[in-house]
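Residues or ranges marked as transmembrane segment by TrEMBL: A:21-39, A:62-85, A:106-132, A:144-168, A:175-195, A:223-243.
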Amino acid sequence: MLSFNRLVLNEWLKMSKKRSFFIPYAIIAVALVALSWAFKRWGGDMIGSASEFTAMMSSTSFFGQFTAMLAVIFTAGLVASEHSLGTIKFLMIRGQSRGKVLASKYAAALLFTLSLFVWLMAVGFASGAAFFGMEAGAGAWRDLWIAGGSSFVYSIVYVTLGFMMGVLTRSTGAAMGVGMAAVVFSSLTIPKSFYKYVLFPNADLSVYSHGGQPPIEGMTLPFSIAVLAVYMVLFLGASFVTFKKRDIA
Amino acid sequence: MTQSQNIHEETAVLSLRGVSKKIGGKTIVDQLSFDVREGEIVGLLGPNGAGKTTTIRMIAGLIQMTEGDVFVRGSSIRHEWKKAIRHIGAIIENPEFYPYMTGYDNLKQYQRMNEWISNERIDEVVRLVGLEQAMKKKVKAYSLGMRQRLGIAQALLHEPSVLILDEPTNGLDPAGIREMRDYLKTIAREEGISILVSSHLLLEMEQLCSRVVVIQDGKLVTVRAIGGASAAEEKSFVRVMFRVGRFDEAKQVLGSQEHAEILQVAEEQNELLVALRYKDIPETVTALGAAGVPIYQITELKQSLEDEFLKWTGGNRIA
Ligand SMILES: Nc1ncnc2c1ncn2[C@@H]1O[C@H](COP(=O)(O)OP(=O)(O)OP(=O)(O)O)[C@@H](O)[C@H]1O
Ligand SMILES: [Mg+2]
């Protein structure tokens, strides 16, 4: 376990020592402060409190989707860049099994995504508190957790898809492109019955909150969770099987 | 012969046994077997595309072998990869690091992957490769020579038994090549480590290795000791170039010498290339003098590894 934590630390340092590392955090902070200012100025009393503002910002229909994109962009290179830099050769001859190395990379991707959401919530709340005050209405906290939680799950699904693409294609560009395209496609729904087994309409679990209508007839929360679980297993299975067997050139 | 082979096997740090690699029906490495013994520097020699890098990748477990196995201190790389790889330190093709991190941060990455590597060990290997001044610099500011050194530091960090270097002098200038050779010898001595080094720079191998394994088209061509007994034996015969006046007389005199053979004549340059025993040189010169042949120049032509290499690998011989 100690050695696994160290591998995750390695991966985290590889990400965080890049000069571009602060960019997603900066984008989130600037955008949230600007938006809370704009809502205060022109939004009338649309938003009443910090928690309301944060819930709205972190929902998939607002900033949650954008945060998912940031997460995909900044984790797409985790595997592919080792290939393109050529550092994979040193990484794979240090006595740590391939499965463990890949798992540490995936763990780092999850941690990074989590950190973006913690940051989104923290900045959203701070900025919201400054503009709208702390007073929270009934159910505001619950809304916040639903919005943030479903956006987080949504992001993890697409980060995992991008992660798999990075392993399969060894190309950062392909991983990023496919991951982002998937996020964009996610908001389109084809009203056909077969489409409910596709990943996209299931990724956003927040549609089921507040007694909302499912995107396609017959979909339920447990159904979507099951579909997501199957896709995640497939993505991770394909990644690990490929990575463990592959000849490293 | 079988007895000596047994001895080799006992002290072999690294053994390849019938290693083959086929990709898409093409055999890239074909039934390769050789040993690297304790404390020995062995050259893996072959022209471009011979399969050196492929062989090294299989030794390190980066690619799967189609047949055969590699043993490192008795552990199979196929079946006990963890135990075997612990004894290997390697640079495969170019030494590639995370360019946006400092040299020190890069080494820390590898330290975290094996818990027995101490901070003192990092300092020690850095000193050994002479990179103390560069540790705080980002790797993207390193010259190729510095990256090679950092690569070697990386390879030595976990105290392996055998160091495997794939064309370590590739891209280095003559001074860099010389330095590399010197500190590889230092490392072999100070760390008591065996080294397998691949190259197509033959002169390099002559100056660095005690043995060379020559491969071509993935097949073993020959294994040769350098500077050892067999080389001394061959040296008792030397190749001497005489530049003379009165060419025809000289040819006659040299042709009639016992234990001497004219290998080549170059009439326009008045040169004769003769193979003869070293101890017969004075006698031959006297004979030429007695026949009134003026001698302008006598040069020994060293049969370099390069010549031999081309002979072994069937290239055009330059004599
Ligand atoms: N993945 C692959 N698929 C097909 N052929 C390959 C592959 N990898 C290597 N080869 C072929 O195998 C041969 C040996 O390649 P290798 O890189 O091992 O040679 P080398 O001895 O290291 O050459 P060099 O001195 O140029 O580095 C080459 O002909 C190469 O084209
Ligand atoms: Mg090569």
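Including glycine, each Cβ sits where the backbone N, Cα and C put it.
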Remote residues contacting the transmembrane segment (A:144-168) - C-beta distance under 8 A, at least 6 residues beyond either end: 51, 54-56, 58-60, 64-65, 67-68, 71-72, 75-80, 102, 105-106, 109-110, 113-114, 116-117, 120-121, 174-176, 178-179, 182-183, 186, 199, 203-206, 209, 228, 231-232, 235-236, 238-239, 242-243
Selection from A:21-39, A:106-132, A:175-195, A:223-243, the stretch that has most Cβ pairs under 8 A to the transmembrane segment (A:62-85): A:175-195
Remote residues contacting the transmembrane segment (A:175-195) - C-beta distance under 8 A, at least 6 residues beyond either end: 65, 68-69, 72-73, 76-77, 79-80, 154, 158-159, 161-163, 165-166, 169, 201, 203-204, 215-218
